[in-house]
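Here's the structure, in structure tokens; my notes come after.
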């Protein structure tokens, strides 16, 4: 896990129907405590999320959430939109949640892919979960339905949270597979910051943002329409380069200008190195290790390299 900054309030340790009103539901506090404590006690696998992230900062707030929309993002990935009524629940772009499921002893860990502003405005967060034999992923793909209730707790030291007085920074986002999730949150947050700055002139002034995103094929490039919508909305600020490693089908005319056959290369990343640029990397451990070490070998300061590995 990358260390970026300490956050006040943290402690260690198919499309559905329209969302209902936040105030109309909620797990009882006693039920919430029982659910989370039972999951923590039973979740003991050495490879599980809680053990891997035991030393990572977490917020103290444990919040109930209700599933209000389910979407197939790709053949192997489902996204969930969850309504979180608790106004004390918040997160930084790039963070993840401990995902507590009633009746499932193993705790999931899923990165948030929506922006903090979406939560503030609509009380909605979005997660994208790839199918695996891990119990939380099995539940998401096979048992989760509209109105399913879970509990969430925010954690993570990988985030982008500039303050209005901070100097503008360029961002290079390097994603592999479902590693796009926290980087999409950062991308969406950057777009929100740019809108606020253009409208009000008093929020953080974002620099340029370039996304490099690699997947097996274009059907596994998650949220590509949302990404291209941001590229088209802010052509002078946001750009993207999709990479596919095992493409067999024909690429659509709309997507083709943005797609490169083959992996993301060192040269592509090296060409964007500057004193004003921050690098965020998230993907399979070998990819994350490769690019973080490459950037260090190019004398990029360690404090400008933020990375997170997901298993």
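Cβ coordinates are placed from backbone N, Cα and C, and glycine is handled just like the others.
Annotation comment: Swiss-Prot describes 177, 178, 179, 180, 181, 182 as NAD(+) binding site, evidence class similarity to another entry. The domain 'FAD-binding FR-type' annotation in Swiss-Prot covers 60-171 and rests on sequence analysis. The signal peptide annotation in Swiss-Prot covers 1-16.
The sparsest Cβ neighbourhood within 10 Å, among the listed binding-site residues (177, 179, 182), is found at 177.
Cβ neighbour density within 10 Å is lowest for 178 among the binding-site residues 178, 180. The domain 'FAD-binding FR-type' (60-171) scores a mean pLDDT of 97 in the predicted structure.
Long-range Cβ proximity for residue 181 (NAD(+) binding site), meaning a same-chain Cβ under 8 A and a gap of 6 or more residues, is found for 110, 111, 112, 113, 127, 128, 222, 282.
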